[in-house]
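Here is the structure we will look at, set down as structure tokens.
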Amino acid sequence: MALTVLAATALTALIMGKNNGTLMDHDKVKPFAQPIPTNSFEEAAVKYKPELFVSYGCHPYPAVQANGSVSAGLEGSGPDDGECKGSRLGSQVYSRSDWYNDKWAIMYTWYLPKGRSGKLQDRHFWETAVIWIDDPTLEDSKLLGVSLNYEDRRVSKIAIKGRHLNASKVLKFESYEAEKSPKPRLRFTEKAGKTQDLITWDQLPAKARKGLSTTKFYSSPFGSVKREMPLKDEVFLKRLKDAWPFSNKHDE
């Protein structure tokens, strides 16, 4: 019996994720207030921050707090949005930006405590979008393209349409139930959504970045699927390459 309990405990720890800090209940992680931008790169990230309408599954939650403690996520059991309809402490969206092939890429990512329920359950899920603009230092910067990067190296490339922008020219995304695979996906929508407090990768305290970088967000019951934080150093540029929506380096 003791060995059975130890094995179950070890398996649970593997699924929940490991890091050098502390794992916390998903609804107790304290989000960061959105900092006041101090440069044009941060201003652009705030300017283009999308709205998110959730029609399926979990709402976004903070993944890490200031001391580096990270969300333990949720088991993929019960209703698809069970215990994850929004944190009373507030939500969060994360971003990281850089030049890529002569265009400025702003990657936004939302953390969901679970991705899907049932036999193929996912604990931890990241939904990611990349917005491409011409130059963040320009007051009249132009939106050039959008990629909905689904975390498993698949990319959706859809032309930007007016109905997918709000009155302030902010993009509107929907987190919906994907066909053939009951898990959250991002798509463009005409529905009004909500925005979350944004914090960029560079604005995060060092302990928080370390927590997100070292935690292994294992999602499957046997720890075989790892949901990596898309903004961390060894993943970010690979994701930009996956998300590149233009036919060559100089397409506008």
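Here, residue 1 is simply the first one shown, and the rest follow in order.
In case you wondered, yes, glycine gets a Cβ from its N, Cα and C as well.
Straight from Swiss-Prot, the features:
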CARBOHYD  N20  N-linked glycosylation site
CARBOHYD  N67  N-linked glycosylation site
CARBOHYD  N166  N-linked glycosylation site
MOTIF     121-127  motif 'Hepta-peptide GHRHDWE motif'
SIGNAL    1-17  signal peptide
How long is the line from the C-alpha of N166 (N-linked glycosylation site) to the C-alpha of N67 (N-linked glycosylation site), rounded to the nearest angstrom?
36
Using a 10 Å cut-off, grab the number of neighbouring Cβ atoms around the Cβ of N166 (N-linked glycosylation site), all chains included.
14
Other CB atoms, at most 10 A from the CB of N67 (N-linked glycosylation site):
13
Using DSSP reduced to three states, classify N67 (N-linked glycosylation site) as helix, strand or coil.
coil
